[in-house]
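> Okay, so Swiss-Prot annotates it like this:
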type     : residues : note
COMPBIAS : 1-10     : compositional bias 'Basic and acidic residues'
MOD_RES  : S15      : phosphoserine
REPEAT   : 214-253  : repeat 'WD 4'
REPEAT   : 340-379  : repeat 'WD 6'
Amino acid sequence: MSSDKVKNGNEPEESEESCGDESASYTTNSTTSRSKSPSSSTRSKRRGRRSTKSKPKSRAAYKYDTHVKENHGANIFGVAFNTLLGKDEPQVFATAGSNRVTVYECPRQGGMQLLHCYADPDPDEVFYTCAWSYDLKTSSPLLAAAGYRGVIRVIDVEQNEAVGNYIGHGQAINELKFHPHKLQLLLSGSKDHAIRLWNIQSHVCIAILGGVEGHRDEVLSIDFNMRGDRIVSSGMDHSLKLWCLNTPEFHHKIELSNTFSQEKSTLPFPTVTKHFPDFSTRDIHRNYVDCVQWFGNFVLSKSCENAIVCWKPGQLHQSFEQVKPSDSSCTIIAEFEYDECEIWFVRFGFNPWQKVIALGNQQGKVYVWELDPSDPEGAHMTTLHNSRSVATVRQIAFSRDASVLVYVCDDATVWRWNRRQTTSI
């Protein structure tokens, strides 16, 4: 891959970055499409829902820096910053598209620098998602990636080789997330309607979430809360489900997985199956729910309806423990509206430390909301757009301090924007 960069300027030059592996190929077909949604009609207003009135701002919070194009020419579906690195360490992120996972550094002075590119041995693989962790013994950065083939690859970034391969899901994997504190725990959501919890240190599947009252269609998005004791999931069945891990059974299974040895044990690991979520609702969205993340005790979720919804289970005054599993009621806190994004598998970026959300649309534009913790409905919204950014924006990621915003597109481009120095987030 070349290291050509596009620098700041009013008339940016186009630049392509290649992986240097011409043997890897990509075939577009309907089975790997991430675009079609069941309805292209605009979202209808529903009773009790409050629209967020964004406060006007004089200029965009972020300024264009550079963009590159990966030479596979295919959709890039996923992007993730390594937020585990220290404040003084380089800002590193990875992209997932075609059968490749590409790692870049964002130098402080601007631009993008290629660090590594991993090409899956299966040329038919299409990666949809990636997530960062590190080896608990060596502290080497690890990158998990998965997609169309339903196989999770855990890659040692420095060695540029897979050190773990996890097979269990029957179909494609749509999202991966690592536990915020126990970084050997990896969560995966799949087209097979199930969520799995893995231990990448002992290479076992700890739990399967799904079944009797689980998702009825593809699981599209998953997330741990900041404490790591709850999971939220969403899917094609229009539902959002919450799963608690703070039970004696889960504590025991997680501890057991840390010491379990497949070589020494004559029996397989006793994977637990949780058929019943601790909360479930279909009252928030009327279409595929393709992105969900925790915001403290609130949940941010979106569908193909031109709005990100901030909500919580039960009534506003209720704690999660007071909400019964049989109660599907929920409270809408705020909505963040945008335009021209009515296809599925378009995922927003959220920086919980700096309270900023960003989402792209089908026209290559990006909406950025700077949240006011004292007034969730009074978010500042600005729009980012470069004349050369015209393809669907699939996912957005922020650096830990939110100084850099990166997004990836259907035309194989990767875009970097820098926070303006005068902007306070």
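Note: Cβ is positioned from N, Cα and C throughout, glycine not excepted.
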> Take the repeat 'WD 6' (340-379) and count its residues per DSSP category (helix H/G/I, strand E/B, coil), listing them in that order.
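Residue counts for the repeat 'WD 6' (340-379) by secondary structure: 3 helix, 14 strand, 23 coil.
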> Could you tell me how many residues in the repeat 'WD 4' (214-253) are helical, how many are strand and how many are coil under DSSP?
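With helix first, then strand, then coil, the repeat 'WD 4' (214-253) has 6 helix, 17 strand, 17 coil.
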> Report the mean pLDDT of the predicted model across the repeat 'WD 6' (340-379), rounded to a whole number.
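Result for the repeat 'WD 6' (340-379): average pLDDT 90.
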